[in-house]
Structure formats: structure tokens, C-alpha cells
Amino acid sequence: MSSESKKVPGGHYSGANPIPNIQRFVESLDSEKRDRDAKINAQLESRTQAQPKDQNQGQPSGIDGTRKVVTDPTTGKDVEIEDVNADFMKAVDDPQLSVPNANLNKPTTRKTEATQSGEGYRENQDTTAPPEPVEPGSTSDVPIHGEKTNILFHPTPSATANLIPESVEWINSLMGVMWGLIDPDLFISVADTLEDVMQASVPSVIENVRVAEINQGTNPFRILSLRALPDGHVQEIKDDIHRQNEKNKDPQKLAADEEGGDYYNLECSFAYHAQPSGAGASEKSKNMHMHLVFYLGMKGLFGIPLPIFVELQGLVGTVRLRLQLSPEPPFLKALTFTFMGLPKIQAGCTPMLETGINILNLPLISNFVNYAIGAAANEYVAPKSMTLDMSKLLKGDDIQKDVEALGILWIRIHRASGLSKQDRRGSDGGGSDPYITVSFSKYGKPMYCTRVIQDDLNPVWEETCALLVTPDLIKADEQLSMELWDSDRSTSDDVVGKVELSMQKMIQHPGKMYPQVSKLRGMDSDSSMPGELHWEVGYFGKPQFRPAMRSHGKDINLPKELQDKEELQDAKGSLDTPEEVAVVHTPPDPLWPSGICSVIVHQIVNLELQNIKGSDGKRKGREYEPAVEYGENKEEEHKKLPSSYCTILYNDELVYRTRSKVVSSKPIFNAGTERFIRDWRSAIITVTVRDQRMRQHDPILGVVPLKLSDLLQTSSQVTRWYPLDGGIGFGRIRISVLFRSVETRLPPQQLGWDVGTFEFTSDKIIATGYTENSKLKLRTGGSVGKINRTQCRKLEEGDGIFWDLAKKEGKNRVRLPVKYRYRSPIVFELHVTGKRGADAYAVIWLHKLEDNKEEEISIPIWRTNNGMRLTENYITEENFRDIPDINIEEVGRLKFSGRFKAGMDEDHEKFVTDNDSRETQETWEACHSEGVRDRIVKKEIPPAVQQLHDQSLTQGRDVLSQANEEEKKKWLDQDGNDWSGAFGQDPAQYVDKSGYGQKYQDADYEASMVRKPRGPSGCVEANLNEDMSEKTSTASSDSEDSDAESDLGLNDATTASTNQTAEQDGNNGSNHSNNPVKQYQNYKESSKGLHRKQRGLMQWKPMRNLAFAKDEVKFAARKIKNKTSLSGRQPDVETETG
């Protein structure tokens, strides 16, 4: 989002649009002061050289030196602005205007009379009217405090009358009447913004801050003056708006807007002055005020609430408005406003304590609050501005209908060669531990990081990533930066080289991958480094919506009798452009499974904690009272309410965390993120709401799992309210989900999840050509497994060995959880007796496998002199002869069957090394135990989408529409094998032959990376020559659940899959036993679910404190241990606090 202009709706907080804070505000003030001082010094120098020394020297601009010339966003002209200071405040507090004494019937030294000559009349008029000098004793200052003393009641010279602005007393009178009638809830957004700024700026001694209340009081704002600004000199801005509208609007609607609408520019000066108030609460409530609560302490350990009463004592400022009018209701289309300098704000803070010393007489807290308000207002000081889409706001539309990103950069990193040696140690061909970070040159923050390949000067990565391309990056002329680093254990990493590529050039050539062999250069543009980088890059934009995929946009999950009821449909907001109409009426296209997904968390209502203990106290005398309280939340603010925040997980990966909202039953977040999704048909977004606690793990208040294929069946955008489930809280959360495809189709192997588990589906692992009795060790990124020699047997043929995977109960137990699937292999190490280290290796890279598909795997068994180099580099049968400085010999083949199961499960608990991974694991457990997540992540196309897709393949094709039924059936038959026999081209190639809801086979990767030609309608036509007939299957589709007949939906409660074992959250009556040992075993089995909901041992706070302390010590020890490990610079979890 542009830093110069913000738009509402759509301006939610995110990592790209962080919350402003005081530190950045003060830094900007210091930076502006340095610029002004440098400019003044330069002017003084030039004047000193050009003028005699005795002439007056230049003075700083403005009274405070805060004047500066900026471009006015409303008029487009350069304007000089100045921050409001104390002199402005004095003039507002005591407004006066000079009036000739003769007009006030006072003695005067000079006056105008009708009998005077023309020259004398003009001279007298000039000396009794501003500007200075004015004849002493000829004028008096008349205060302007109301209609009775208004200057307009007194005759004034024409020179003075021309300087008097239009009276705005009628507006102030109206505001005085209406001010007390305004609903204080209208100021919630202001309070929310101030709370966010203060929360992002608090010092370490303040653990948290909350705006408990904001109220306008009975003392209204005053308008000082209004004046219209001419619109004749804004042609440049009008032309720019016209160019933008041409890209986004229908030509007829654009013509109607421009011909029927117009702009009105206005400048308004305003002020607020607090009335004198006493010590009582009723006296203080007359003025605009708010209640703050500062929690003094240490984050995560303790916080002492300190209530503060903040009273707005004074405010003066000038704002310019640009209103875009429209001939259609509500007649006001857009409003752009900007402050002409930073408003002068003065707030007074007093503690709300009945006893104790008032330590806040010092201006510490007051200055903090004043700076926080100033930091928020500084976001809209010219040349910055805010544009409000009034047509949407007045209609209550805050739904975003397009993603911020223009498209993606798809990057494929192959290898590097000839790198410089950075370390003295190292084997032949080694001496460096390289890794690559992908970032934007000016932004600098790593957006992607490869794995570290140890001790190699010719590393082979073979990794892929996607970077979102936003308008801000293009405007800033960002360069795509590929930086190679040498990882060091104890010192800072060394630069090996970097490569940069212009993004502006890339987006001009979309739809195609461009192979690159780039020479490395140093950090300076004119320096060079040894080595080359082999990689590919391509830009892929967003395709237009296909008209043939248009649906009715209704919620088809509702019964047919209720689908037409407007009050039960999803909110769509105002639809102003054809593209917005298409977004809410067109589901994601199966032709383009990859794309950009936006998730925005708006707010939560009726948020409260469960009563974990249930009924309490003796029932005597209360036998007929309800055991626990019930119904909706009765209090909006209460000390027992949670301090909530949200986390967003994309395919079981934590990508975003919102700020926390302290002690509130209806927190407003308006925060979200955009990420690249490989395949919308299997993607799952999980929003988790947690309660921020002291000396405890933050418990889950509720989870909301969103499977895109279930959610987006008739639309690409959905905004709904969802109940919180699976935690210790109640409430409803409002979430918006938007998906936009990009014009690229990845191969099936690249359309999977990064998080999952590799599991063997065969009973044996067979090694042919290798006869040594050996132990088999298996490892991947972070997880290990082993098969002992006792399970190793000779093959009957005598040409090899095998390991028996079957246990006594006949179940396979060898499973390897994976966290980074697309950069990890499964490494098999064969260990023999009497030899230190592995005797041989076998490697299978997981990015070669499809999700949930059982595959027969046969890989070579290699013996090598450098096992680390063999297993960390991407070495296969095709390229192992080209790898330098390593000897590789094939000694056999390893054969087995297995699959990569997408998604998290219990085995990922071993990856819990910090609070982020612990919370991610806990989120999956909550979803699974509540029956809202299966163990198998299915890739599905909804039947409604599949039907639209099938119809779209023949719609508009005259040849097929005129064909007879047999030819149509032959062409569209999903069970037929001859797809090209009827016609020369086959538009049904993209149809999955296995029917609705089954896995969808994609086109060949290399052919599909080239953008498809567009048809006359602007939609993308399929390349009909691609072979799409290969059928794939998933292990999860062996048996399909049939729809059983139900009466009144009585069977709807069965949501868990039949092939999963639900986690028990409580004691099962069938397992009850009086045996203490058995009772302990039953408790251990259900302890996770009980503890997550703060039951069992965790219902007592000391036990939760002990669990927190234990995990913190364990995580700290692992963090210290990882300090000496080789690792790249991974991106952090995104947040809106910057």
C-alpha cells in the first residue's frame, strides 16, 4: 500500500501496511528538521555570497521552523503548510478582529467621512484597516465569541471586509445541538487506532495498554472558517484519475461518472477548547475524554493495571477536503482529506486512583498520549492523504474484492558453481556453507531462504518459491535480489555474491519462464565475486474471469428452500465494476489452481471465557437455580474478559499474528495477509483466537478451519461470521477470504503442501544388489527413524536383503514427519557392523512425489567418499556424473512403496521447539479433536464448480453444439479413453475422468508455464494439445462415504471421518475402571484434550504456571543450542505492528 495515499475500505493493517508508532513519528520529525536545517544553511550561504554582510540574514521558515512546501493532494498545487503551535492556540482561545473606533462610537484619532476628498478618504481608510501600520488610537480589537459580538454586526472598511471569512456560526450552533446526540460508538475506530499506536510504541516497563472508553462529552468542536478552493487548476490530477479509471471501470460507467459527477474542494479550520472542569466525574465528562489502562510490568510475566483519565484540553488544525459527487445515490462518491500541517493537540492525563501519591503530575504519560495522537494524525499530513470510498461506507461495504498483489514472480533456483572459498577448513571442492536469500533490493528483508549446503563450492539446490508483486514494489523500482551467503556458526555470515534483476522489466514480459546464468557481484554495484548462479524466473499475472464460469453467487450449502432468502446470503457489499461483480459470482477456476489468497480478520463479538469449573459452591438454598450462567455476554468490559489475538495458518504453516486487544468482548482487528497458494483445491486456512496470559501458555479461545474448496463454491470472495470452537472461549468472528488465480499451472508434484508426513505403504523395503546385513537409518529435515538389524533378512533369490516393516499387530509404524517438504529428501543410511558411519546411501527427494498418492519407488543405492555432500545436494541418477569433487558408485537398488501424506498429525510434535511450533501443533490438535479436520487432506473440486467447468468447455463452440449425441458423449464421456478421436482438438482435456470431488490432473509443467493465448472474449483458452489423460488417485479415495438418508438432519452431527480416531477430550464411560493404573492410563490418553481446554490438572493455575516454566526452559536451551548450528535467514512471522 502506498505510503502517500491510503484508501478505505480496503486499508486493513498488514505487514505491508504496519501500524504507525511514536518511534517512527519522532524519527520522521527529526528527519524533516534535518532537511529544513540543511536547506536553511544552503540559503544562508547563497545569500551571504550574493549580498553585503550588513544585510539581514535569512530566518528559519515559520515560527517554529516547521513550514514546508508540499503538493496538496486535494488540489494538486504546491502549498506551504506549517504545524500548529502555541500562538495559533492563543489566537483560537481569544479570537479578535480590529474594527475602526468610529464604527464603535468611540473616540478616534482618524476616521473616514463622506465629506472627505477621494484621496483623503482612501488614506484614512488605509490607516484604519490592516495590514500594518495602523494609526494608533483609531481601532479597537473586538472579540469574536458568538453572534452578539460578531464582527459582522459592526460596519467595517471594505479592505477589512474582504479579509473576513464567511461566518460559520450556524454550523457551530447546529453542532452544539447535535454533538450530545452522537453515538459514542462512532468513535470506536478512533479509539482502536490510538490503542494500536500506543500498543506499538509502549516502552518495556509497560506490558500492555488499552483504551477502555472514549466519549465526546457535551462540549462540541468549533469550526473556525470554511472556504471553497477552485477546481480549475487540478487538470493534472483529473487526468491521472481518468487514466486509472480507464483500466478498472466499464467505459459506459466511466463516462457516466465523469459527465454526471463533479468535484468540490473545501478548506476547513477547526478547534476544540476544553471547558473548565472540577474534580468530580460529572464535571470532567463534559469535555471529550477517554479512559486508558496501562499494565505496568514485564511482558508475559506480570502486569499491574493503572487506570488513566485523559481529557482533550485543546486542538487546532486545518484540513482540506476534496469531495467527488455523483448523480447516483448516495450522491457522494469519494472523499479525500489531508491536514495542512500537523494539528496542535494537547491532552491532560490524571490517574483514576482514590488513594496514593499522584506521580503523574510529571508530564510523562501526557507526553506519551500526545505523541501517540500526533503519530496517528501524522499519517494524513500533506502530502499524505486518506481517500474514503463514501459510496461503499454509506452502504456499509468494507469487503475487499481484489488482492493487493498484481501477480507473482515464480523463481526456480537450480545451482551455483565456482563459489569463492570462505573458510580455511573444508574438503576438496569445499570451504563454504552457502545458502541463498531472495529479497527486494531496497526492502532488504528476506522473503525466502534456501537450505544450507555444507562444505561445497558447487551447491545444487533445485528449490522453487513465489514472491508477490505489489504496485508499491513497481513504483519504487525495486530489484529482485538473489544473495548468496556463507553460513557461520559463531560469527556473522559472509557475503558470497549477489544477483539483481529489474522487476519493472519482468512484468513487461509475463507468462513465461526465463532461464538465467548470472555472474555474481559484490555488495557494491561495481564489484564482482567469483562464481555463477543458474536459476529461472518468470512473472505471472492474474487472469480474467471466464464468463462461462459465472454462477448465481448464492450459498449452496443452505437448503434449497432457503437459498433465495436475502438475509441468509453472504454480504457482498456494493458492486461498482464488472470485475467486482465477477469476483462475487465466479468460483475459482480449475484451469488455474495456483493463486493468491487474502485472509482478513475483521472483528470478534460476544467474546468471553468459558466457566471451566462449572457450578460452584454449595447448592443448599439454591436447589432450583441454574447450575451455571447462560445466554449472551452481559458485560462489554470486565476484568475477566480475555485479551485476544489471532494467528493465521496457511496449510498448517504459521504466517501471520495480529496485535492483541486487551480485555475486550468485541475486539476489532481489521488485519490480514496475502500469500501464494499452490492449489486452492486442497488448501486449508486456519484462524486461531488465543488469550494472552501472564506466566502461562496462551490458551486457545477457538479455531476456525476454512477449506477453500468447501468455502468458494459459487464465489471467489466470502465474508462470513463463524463461531469459535475447540477452545475455552465463546464468540463469533468475522473473516473475509478472497482467492485470485495466477496464469500458471504447476506440475502435480508442485501442487502439494510443505507440511506433511512420509509413510511407507509396503510391508518390506527391498535392497537388490546389496547383500550386507545392515541397520537402516532414515532421516529428513528434523525427524529420524531406524529399522534394526533384527528385521533385516536375506532375499530367497540371494541377490539382496529386505527389512520387514510389519509389526505383530500388522500395522506400519515407520513414519517421518516433514516440515519443509519442497527442500527436503528422505535419506536412507545403511550401517554395517564394524564400520563407523554409513556404508551406503539412498536418497528420494520429496518434491518428486504427489500428495497422498501411493507410488512404487526404486532408487539407487550409492557408496561415496562424501556422504554429506551426496545427501545435501540435489543429486539424482540423471546428474550424479556431473557433480564435481565426489566419487559416487551405484551398488544396488532400494525398492519400496510409500506416499507423502499432506498435513500435520501427532508425529509433528517432535518439531515443537518454540512457542510458534507449539501453538501450530496445538491448533491442529484442536481442529482434529473437534472433528473439523480429517487426517487426510483431500484435493477436491466442488461438484458445482466441476459442473460449471464441464459446461464451459463446450459453451460457445459451434461445432460441438451441432454434433449428434453420440459424438458429444464420446467427447465428454469421463470414462472414455479416446479424447481426441472426435475432433482435432480436445477442450475436455482438463476434466477429471474420475468424476466430481476427485483429484485433478494438471497439464505438463514446461508447456504450461507459457501463457495461453486469449480468445475474443478476453478469457484464456486452454492449450488443447496437452496430454491430460493420465489419471492419478489418492489413498484417501479408496472408499467414498455415501449420503445416507436422514430425517430432519438428525445425522448431520456426524462430522468426523470414519477412518480417523477422534481424540478424547473427556473420560469415556465405556473405559471407566476402578483400577488406579487403568484410570491413570485413561487420563494420559485424554490428557492433551483436557489440558488444552484447561481441565484435568490444568484447571489449576499453579499447574499451568509450572507447564509454562518447564517449556520456557526447554525452548531457551534449544535456542542456545541452535546458536551454533548452520542455518539461513528465514522470514519471520508477519504482523501489522512492524
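Note that Cβ sites are derived from N, Cα and C of the backbone, with glycine treated the same way.
Going by TrEMBL, these are the annotated features:
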type     : residues  : note
COMPBIAS : 30-39     : compositional bias 'Basic and acidic residues'
COMPBIAS : 43-60     : compositional bias 'Polar residues'
COMPBIAS : 65-79     : compositional bias 'Basic and acidic residues'
COMPBIAS : 98-107    : compositional bias 'Polar residues'
COMPBIAS : 1052-1084 : compositional bias 'Polar residues'
DOMAIN   : 164-391   : domain 'SMP-LTD'
DOMAIN   : 389-518   : domain 'C2'
DOMAIN   : 577-722   : domain 'C2'
REGION   : 1-80      : region 'Disordered'
REGION   : 92-143    : region 'Disordered'
REGION   : 964-987   : region 'Disordered'
REGION   : 1010-1101 : region 'Disordered'
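Mean pLDDT for the domain 'SMP-LTD' (164-391) in the predicted structure: 74. Helix, strand and coil residue tallies for the domain 'C2' (389-518), in that order: 15 helix, 53 strand, 62 coil [DSSP]. DSSP labels the residues of the domain 'C2' (577-722) in these numbers: 10 helix, 60 strand, 76 coil. Across the compositional bias 'Polar residues' (98-107), DSSP helix (H, G, I), strand (E, B) and coil residues number 4 helix, 3 strand, 3 coil.
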